[in-house]
Number of protein chains: 4
Amino acid sequence: MDSVQLGDRVLALFEDGRSFLFKVQDGKLQTHHGIIDLASLVGKNYGSVCETHTKERFYIMKPRLVDEIYKMKRQTQIVYPKDIGFILLMLDVHEGKTVIDAGVGSGAMCAALARAVGTKGKVYAYERREEFKKLAQENLTKWGLADRVEIKLRDISEGFDERVDAIFLDVPDPWNYIRQCYEALNGSGNIAIVCPTTNQVQHVLEEISKFSFVGIEVWESLFRQYKPVADRLRPFDRMVAHTAYMIFARKVMNDWRD
Amino acid sequence: MDSVQLGDRVLALFEDGRSFLFKVQDGKLQTHHGIIDLASLVGKNYGSVCETHTKERFYIMKPRLVDEIYKMKRQTQIVYPKDIGFILLMLDVHEGKTVIDAGVGSGAMCAALARAVGTKGKVYAYERREEFKKLAQENLTKWGLADRVEIKLRDISEGFDERVDAIFLDVPDPWNYIRQCYEALNGSGNIAIVCPTTNQVQHVLEEISKFSFVGIEVWESLFRQYKPVADRLRPFDRMVAHTAYMIFARKVMNDWRD
Amino acid sequence: MDSVQLGDRVLALFEDGRSFLFKVQDGKLQTHHGIIDLASLVGKNYGSVCETHTKERFYIMKPRLVDEIYKMKRQTQIVYPKDIGFILLMLDVHEGKTVIDAGVGSGAMCAALARAVGTKGKVYAYERREEFKKLAQENLTKWGLADRVEIKLRDISEGFDERVDAIFLDVPDPWNYIRQCYEALNGSGNIAIVCPTTNQVQHVLEEISKFSFVGIEVWESLFRQYKPVADRLRPFDRMVAHTAYMIFARKVMNDWRD
Amino acid sequence: MDSVQLGDRVLALFEDGRSFLFKVQDGKLQTHHGIIDLASLVGKNYGSVCETHTKERFYIMKPRLVDEIYKMKRQTQIVYPKDIGFILLMLDVHEGKTVIDAGVGSGAMCAALARAVGTKGKVYAYERREEFKKLAQENLTKWGLADRVEIKLRDISEGFDERVDAIFLDVPDPWNYIRQCYEALNGSGNIAIVCPTTNQVQHVLEEISKFSFVGIEVWESLFRQYKPVADRLRPFDRMVAHTAYMIFARKVMNDWRD
């Protein structure tokens, strides 16, 4: 049986659907349903029921990365789980790969990339704002992913130091860094660019056509959730209508035209 | 520079958009654009241009898993990349995890799971039809993932042999195996079920409510692709309207009601 | 020039996007931007600017039916404009036609039907709850459509008094009234049924197959709105995910099997 | 009972789902299921079964406008029924209204507008290509709507002759005619513009902001159809992903800024 260890991150899930995500250590956590004595959770099985000091019950769950992302401290728009999974697939990021994450922000996508490359891979993360670098570093450390990510405080117009298998580019003016990305990619390497407006997509398409990229694709995703009620199955009333357009391309060494 | 090795799998991409996916070995490949001498590719850099015997040019690319999936030999409906990425996230499958894949089919999702758990993880795959087991085995071997997957020829009504962190259930009557899945999951473990019809979703929701699961969510995804033309940006005329509904849940050890 | 007459319904549109819909008559209207002297609007051109007593400016617009629907007093879920237009087309309701509206509710769809059949057409509306009949009557009178609608306080399980060209059925258990609808339709007449859950759709499809209907179609619509900003064109963040499924069919006199 | 008259347009619907739309007159129609003697249909009830000379059965149905549109001879991209209904609502086109249809094309939207304004209303249709004017005229005549539509062979850069309640603008470069539309609209009048690309939408938004319009909205619609099978209810595999963006606005006489 898999039980809670000191230092684990744990998701406490109350019956009303509210949840708390914390590290198991000495100390107490005040919730709307009473106080949780954190150290008392050590040794409990994951998935089992515990109680606050007022006898309110909660489940102790292992947080998924999506739980961490939804609950993370953020100062920027994040990439949504609905898009993260598809981007990882299209970038073909997996165990042992090297990736550049340009425009780290709060670190959500960086964490997803770091998980995907595993302990043998490496993520080189670039961020030009000190406070975001610090926040991302904190988040990655908290999630145990800091050792496979190197965050650099840098304006990417200067270019990247590495040659990598894949690049994720999430900055307000991605069209200005296509050359730098092209140069940093290995042959056959994959790039993913996200941007919220159609105008940005147009600029990227214009610029990317000047470099030797193939397989250029532009996508958007709509995820719709249903009320999980067997005898009245129907979607919820409202949904996310838009997060970002996703642009994908693959580097080749020279052009058909050369 | 990253160059083609004997035994590599390579995607040959022609200017007309057509592509061929093969293993680099002795022999020749007949294409619509002339013959490729496979062994002659060894040592070429990925992303570079090669020629057929009729001087038709093509790029040599590293196939992504999505390329393999789109080109795989299949005898069943597969899980689409648009859904695969999201399912991996929701199952929180990552390096070192153990997963059950029930209803292997042609092995597309199995491969995605195997990639995600990495060399330290394990996928236990169940399939009751001999020919699908064989096909999945072939596909996984081809993709270099066979060592981390154990495929069992088995009717899952008998239950599973393992206790795992996550289960992916893709069979025509998933509601009949909720008990078996519940028993095979570790506490706090995640399950994902896919089914094409609303009636199936209703049956699953009815049955899953009899076991101690929390966080039950039902989703569907719509991915829309745009023509990548900077000055006439618009979606393609048609799109995939439906693949499958995705149901997610997390095991707890006992119920609020207990 | 088209100017405001006493008795007109007018939409006052303020610069902050807020609006008021009222009848031009003697009296005053208190708004968040000051008082409007209603009678003073008489003779002003539509589309021109007026002022409240505090000199706040507003446009006087002719309300569209969609404005009326969004601002109407309602006690029930209404059919949304995104669906109304399509339903009118599929029912082929136009000048001079006769229609049954079963389950009037607040009268939004009834008004749309009444507008479509014109002065020469007729809508027979059925409603079994006194308070809804009253509310719908008020709304239709307000919109000048009462003369072409006859609202009957009636449980439709008793059947309809008329033979009509089209039926719109919007009740919680539509599958119970398929026979009544079949009998009330002229040959080749069209029926539209709306229901929010997949379970309801399934019941309707099951029941409707017992009668001589052809051209059975089930649809749902998703409307997505964009921020109208030329240099940052993108969808709004959120949208309506679901209102109702729409089922359409056409009556024939007997079955292929007969 | 409603029966077929000489001169009626009739939809013959065969069991295999194929259909034929024709005018009832002297003569014979060759179908894949045998010959239909057209005059023999006179007097038959709509919705009843008839037979070809080889005893193949078909239903005789009243064609809806949507049937006519799907079967019409066309030489241009048409506005789809999924968008037509919504546009009619947003333009608030109803009995007695006057409308300009600029860019008639094959006449589908023109027909919908003509039906909506009824016998007391009027549609002024502008088209600069002789062959489209001819085609639209033929289609409108066929559908009995020609008397309420006046088609002018004209380049709309010269402006319109009328002042109307609503304008529907469907040309490749709508941004070039915003002034002409503004001038032709009555105060509080509604305009709808359709265009397939995001770039066109951006141009329209830029230009329309130079004139006194309020209530500017941009929409797109996605309609998804379900297989009408009670015990396996699910969407069809594929759907229309895109037709056109719809831009709506309302004329005011002067600007907030004036």
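Here, residue 1 is simply the first one shown, and the rest follow in order.
Positions of Cβ are set from backbone N, Cα and C atoms, glycine also.
TrEMBL: automatically predicted annotations, no manual curation.
So that you can see what the record holds, here are the features copied from TrEMBL:
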- A:Glu127, A:Asp155, A:Asp170: S-adenosyl-L-methionine binding site (BINDING)
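Annotated features taken from TrEMBL, shown on the structure.
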| residue | record | contacts (Cβ under 8 Å, 6+ apart) |
| --- | --- | --- |
| A:Glu127 | S-adenosyl-L-methionine binding site | A:Gly103, A:Val104, A:Gly105, A:Lys133, A:Ala136, A:Ile151, A:Lys152, A:Leu153, A:Arg154 |
| A:Asp155 | S-adenosyl-L-methionine binding site | A:Arg128 |
| A:Asp170 | S-adenosyl-L-methionine binding site | A:Val79, A:Asp101, A:Ala102, A:Gly103, A:Gly105, A:Met109, A:Ile193, A:Val194 |
Environment of A:Glu127, A:Asp155, A:Asp170, the listed S-adenosyl-L-methionine site - residues of the same chain whose CB lies within 8 A of the CB centroid: A:Ala102, A:Gly103, A:Val104, A:Gly105, A:Tyr126, A:Arg128, A:Arg129, A:Phe132, A:Arg154, A:Ile156, A:Val171
Cα-Cα distance maximum in Å, computed over every pair in A:Glu127, A:Asp155, A:Asp170 that the record assigns to S-adenosyl-L-methionine: 13
Members of the binding-site residues set A:Glu127, A:Asp155, A:Asp170 whose C-beta sits under 8 angstroms from chain D: none
For A:Glu127 (S-adenosyl-L-methionine binding site): DSSP state (helix, strand, coil): strand
Local backbone state of A:Asp155 (S-adenosyl-L-methionine binding site), from DSSP in three classes: coil
